[in-house]
Amino acid sequence: SQQIQFADDMQEFTKFPTKTGRRSLSRSISQSSTDSYSSAASYTDSSDDEVSPREKQQTNSKGSSNFCVKNIKQAEFGRREIEIAEQDMSALISLRKRAQGEKPLAGAKIVGCTHITAQTAVSLILVWAVCDLCMALGSCVRVFVELAKQERALPSPANSKDAPVLSGVAVFAWKGESEDDFWWCIDRCVNVDGWQANMILDDGGDLTHWVYKKYPSVFKKIRGIVEESVTGVHRLYQLSKAGKLCVPAMNVNDSVTKQKFDNLYCCRESILDGLKRTTDVMFGGKQVVVCGYGEVGKGCCAALKALGAIVYVTEIDPICALQACMDGFRVVKLSEVIRQVDVVITCTGNKNVVTREHLDRMKNSCIVCNMGHSNTEIDVTSLRTPELTWERVRSQVDHVIWPDGKRVVLLAEGRLLNLSCSTVPTFVLSITATTQALALIELYNAPEGRYKQDVYLLPKKMDEYVASLHLPSFDAHLTELTDDQAKYLGLNKNGPFKPNYY
């Protein structure tokens, strides 16, 4: 087979424990319907199982207890979800077939921090398939999940018909983790007797931060870091600027295949899904303010506008602000519209975008949610005061009640709306997952000296390769340049077609 080659070229989480356990729909339906219904749409948490997963003794079908999930018995449910996801992730399956014989990650020991979904499972199968040393060591790929994500989609892939492939993936994750649970999961993934990671796959920078602070000797032996989020990339650049980044890192967040697809198209669809599932709101005529007009904000605004909402935009960047104006949105300061809007959506990746002052001035029944990366955009901590009453309406939906009776509808306690309250489009996640996998392969196989102790953008050739893998799903056919045309444009006929700064 042809070898794949590429051109040379502590945020804190405000987490509060909630009742965990098996979720069921608030309306009366059969058990079989509950099992087949997406966990993201479950509305209430029953109390039939309030025991922390950390206190449970669970064993999978292979006799291993090297994992911590809520309920290992739901592994078959996870397998069915994975099979559905695979149908819309053909590019990732294709990459797995191409790379499986070459084992480009042979010897890699990957510790990861990502969202545990069926789509993530498909990505893990790829990494496992091209990482033959993992097969020998058993549990080489260790993954934990942030609080926002539903774990039911991948309770444990080890107890499935793909057990020979996935039995070495140790998953430490469950929905409803406390902050202590969150960091415990990280530590269980890093601090392992007889096993030491040499690659980091991160989404948010918390895993990288933990290894850097708690296990500096491990951090120095890491061969590469692949980071997906704006928050994590920002942390990496801070480390690099301070001269403390002692390993090369790949900035996946700013890759074309992440920014132009995951951030835009994923959010364009999932924003409506999350709001509908949690609030049943009708968008026609509603006044909505979207904070931030980057790719995420653009996707959210386009979806809301299409359903008839009146959309305002807040921005700090004059270029993004001008884009919003020319797309037909009024650019305002949040304080100018906070009393009149029906929905507030944050999409900035910043902190304290919506403050207690804003929350105090909101009208009754205003819906507040976050589509940015972390839970820092909405100052939820300021709402944890004696004069305010919290009332759980359904899973991921709280009424925060002021002394005068005003209610603000807070979704997912300020965490990511689409990951907490809905699902995300599988096809778009395939693009991101393929990019991450290729970034791992590139960093791990790069000859000494190609990447120094710094943060790098993905080679455009790699972005274009990811895109080309997904074109067959649309029966798309690329036009080829003639020799004369390629010479005229100063390009290689086979790419890359985009400059490095694109």
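A Cβ is built for glycine as well, from the same backbone N, Cα and C atoms used for every other residue.
The region 'Disordered' annotation in TrEMBL covers 1-65.
Taken from TrEMBL, the feature compositional bias 'Low complexity' covers 26-45.
Marked as substrate binding site by TrEMBL: T117, D203, E228, K258, D262. Within the same chain, residues at least 6 positions away in sequence whose Cβ sits under 8 Å from that of K258 (substrate binding site) are E228, V252, I431, T432, T435.
The domain 'S-adenosyl-L-homocysteine hydrolase NAD binding' annotation in TrEMBL covers 263-424. Along the domain 'S-adenosyl-L-homocysteine hydrolase NAD binding' (263-424), the predicted structure has mean pLDDT 95.
What TrEMBL lists as NAD(+) binding site is G294, E295, V296, G297, K298, G299, E315, N418. The Cβ of G294 (NAD(+) binding site) has 20 neighbouring Cβ atoms from other residues within 10 Å, across all protein chains displayed.
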Practice task
With E315 (NAD(+) binding site) as the reference Cα, tell me which of the binding-site residues T117, D203, D262 is the closest one.
Solution key: D262
Completion exercise
Longest inter-residue Cα distance for the NAD(+) binders G294, E295, V296, G297, K298, G299, E315, N418, rounded to the nearest angstrom, is 22
Exercise for the section: Take the C-alpha atoms of G294 (NAD(+) binding site) and D262 (substrate binding site) and report the distance between them in angstrom, rounded. Expected result: 12
Completion exercise
Quick note, V296 (NAD(+) binding site) and D262 (substrate binding site): C-alpha atoms separated, nearest Å, by 9
Problem - Local Cβ density at E228 (substrate binding site) - other Cβ atoms counted within 10 Å - result: 28
